[in-house]
Amino acid sequence: MYSSNSRRAASILACIVSLTQLGFAQSPFPDCENGPLSKNAVCDTTLDPVTRAQALLAAMTLEEKINNTQYNSPGVPRLGLPAYNWWSEALHGVAGSPGVHFADSGNFSYATSFPSPITLGAAFDDDLVKQIATVIGTEGRAFGNAGHAGLDYWTPNINPYRDPRWGRGQETPGEDPFHTSRYVYHLIDGLQDGIGPEKPKIVATCKHFAGYDIEDWEGNERYAFDAVISDQDMAEYYFPPFKTCTRDAKVDAVMCSYNSVNGIPTCADPWLLQTVLREHWEWEGVGHWVTSDCGAIDNIYKDHKYVADGAHAAAVAVNAGTDLDCGSVYPQFLGSAISQGLLGNRTLDRALTRLYSSLVKLGYFDPAADQPYRSIGWSDVATPDAEQLAHTAAVEGTVLLKNDGTLPLKKNGTVAIVGPYANATTQLQGNYEGTAKYIHTMLSAAAQQGYKVKYAPGTGINSNSTSGFEQALNAAKGSDLVIYFGGIDHEVEAEALDRTSIAWPGNQLDLIQQLSDLKKPLVVVQFGGGQVDDSSLLSNAGVNGLLWAGYPSQAGGAAVFDILTGKTAPAGRLPVTQYPEEYVDQVPMTDMNLRPGPSNPGRTYRWYDKAVIPFGYGMHYTTFDVSWKRKNYGPYNTAAVKAENAVLETFSLQVKNTGKVTSDYVALVFLTTTDAGPKPYPIKTLVGYQRVKAIRPGERKVVDIDVTVGSVARTAANGDLVLYPGSYKLQVDVEKDYPTAGFKIAGKEVVLDHFPQPPRNATKA
């Protein structure tokens, strides 16, 4: 959405200029006490949000309504309705975007910068997700109250991380739809975190609906890409996070995506936006609205060529249920669309009612004294508790991938700090970042740990120059220990930039090999959202340890060194599969199928079993003994099934720390079957997880995992969610020798959720 693509640059620049001209000196809220709107019912707090929004619309002319269907809404000066920019970002903290203005210094010059979602996903800690989201929501409200942002934020990105080449996978918690659904439920609960659903603190926006996970791969650009997706894959993989976000978490906004799905641009698809989203998932609540991705209405006619011109594009989008245009098609062409009879005034009012009733719920039209969130201010931003939470998240999301006993490190001697991330600052934040109060680099953290440091970057992320090798090797030769900090960053993975290779870029592996030849203790710390093939590092005995840290953000250096030195033990798990580099030659990125086929070896851990490092893998500084309290559960009968979200059973594990180091343990519970429902059967499916904190040496803890009926069910070819009778096994963790528990389900197959069938043979509007 927010990229360096020149196609979007003009609108972004114009917005930033307009915000700069405003200077944020005026009040960001309408004057409902003495201004022109004070006599309008929109300011009457005794009325419901829809009635108040409709009163505002009744005072507006058609031209004024149309002007305010765009993201940088100009307001209505004659009514005292201020300009409002709907486009604020907060992926892992309040972030730079057209609607967010960081001051040059002093108040509102920074916000807490948490680890990227892929790093947070590796923690597998739902409570942590909610805590972080609550802080982001509070800081977002503070920025909004001060006129430094809006009150709605276009976050989170919950498209499952299907293909390892995707440039925006870093924005997601990982590849598994169950994990992503759990993540988004707790995230929305924290972000909106209001007194009740009718009084959210901020509005969150689940994006990008639907089937969006290609930027620009071998000439296939997101703006024109048609994602061909089966009903089965749609219901089983691409939809679940959005179903949870809307039906269960009750998010207040959704963003439709650039791409088409099965021939229809998502922002022009009434089946997606009305039949599925609003009707099937019962997301027709007050103030629930849909925005387009930025420029996506343009794409309807310019790239997808679904309709002939801007007027038809605007009409088909509003009619389908896209209420806001992050672009300029609506204000330019809605007047023409209405005059041509392509769009009715009631449909236009429906869109604006949704938008303004959302602002009513946020207290935008309330007197400050009547608004419980208006007191949130600068003192609530970047608090010590928030800073500690950012550090905790970076620690919890770090994953140990290899260790021959070298880790944890001793805190003495001279260490060579090498690699392109060795002194990285904003690189540690990943994308959609905001201005952080500070960023702990690896170099500064090493010095703070008391090491004597020799620093030499050696090479760049994607460099083929060896001019820095000699300095790096000399630093290593003069040190007791070598730590290489590298991986990937925005040079090779970003919005509008997919990878063509999943190997380590540039000559980083060459430098690591030469460092390992020195026979010094060598630890590699890998950064980036996407995985790179670590095969050569895993097989190289000269590489003694390997960590993945993702994008740990402001606390990155301190957090990574806490793990390296053993101040905290690692317990993160990979939230994605690490594929071999040849995987990209076996399946085109444009193939949306999950199941294996003639030109597709399968996607994600559920359908692919030749991983370099599997989904859910993560080592520890200690050892654990894990067992089931019972080996057999049930039997259960489908006749007793009541609802998809009902708990089938609470399965209990016993986890004992049999080593010498206090450590967290992430219990991952996978389901397998070979007879429940039709073939092919997935290799395994994640159905539950829990992060157990601080298990002391010798201590045993009981872990209760609630497994829902819907998690046990499978998706039929037509998209229906079906509970099948049969035999099932539960496996904990990714180690094949861990014990399993079993249960049986008797009875007849039961459809838990009837997938709304899309119209077939879609034609251009």
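Cβ coordinates come from backbone N, Cα and C, glycine included.
Summarising the annotation, Swiss-Prot assigns signal peptide to 1-25. The N-linked glycosylation site annotation in Swiss-Prot covers Asn67, Asn107, Asn345, Asn412, Asn423, Asn464, Asn761. Swiss-Prot lists Asp293 with the feature active site.
Annotated features, which come from Swiss-Prot, shown on the structure.
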{"residue": "Asn67", "record": "N-linked glycosylation site", "Cβ neighbours (10 Å)": "18"}
{"residue": "Asn107", "record": "N-linked glycosylation site", "Cβ neighbours (10 Å)": "13"}
{"residue": "Asp293", "record": "active site", "Cβ neighbours (10 Å)": "26"}
{"residue": "Asn345", "record": "N-linked glycosylation site", "Cβ neighbours (10 Å)": "10"}
{"residue": "Asn412", "record": "N-linked glycosylation site", "Cβ neighbours (10 Å)": "12"}
{"residue": "Asn423", "record": "N-linked glycosylation site", "Cβ neighbours (10 Å)": "16"}
{"residue": "Asn464", "record": "N-linked glycosylation site", "Cβ neighbours (10 Å)": "10"}
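Cα to Cα, Asn107 (N-linked glycosylation site) and Asn464 (N-linked glycosylation site) are separated by 43 Å. A gap of 14 Å separates the Cα atoms of Asn345 (N-linked glycosylation site) and Asn67 (N-linked glycosylation site). Cα-Cα distances to Asn67 (N-linked glycosylation site) place none of the recorded positions Asp293, Asn412, Asn464 within 10 Å. Taking the Cα atom of each, Asn464 (N-linked glycosylation site) and Asn423 (N-linked glycosylation site) are about 20 angstrom apart.
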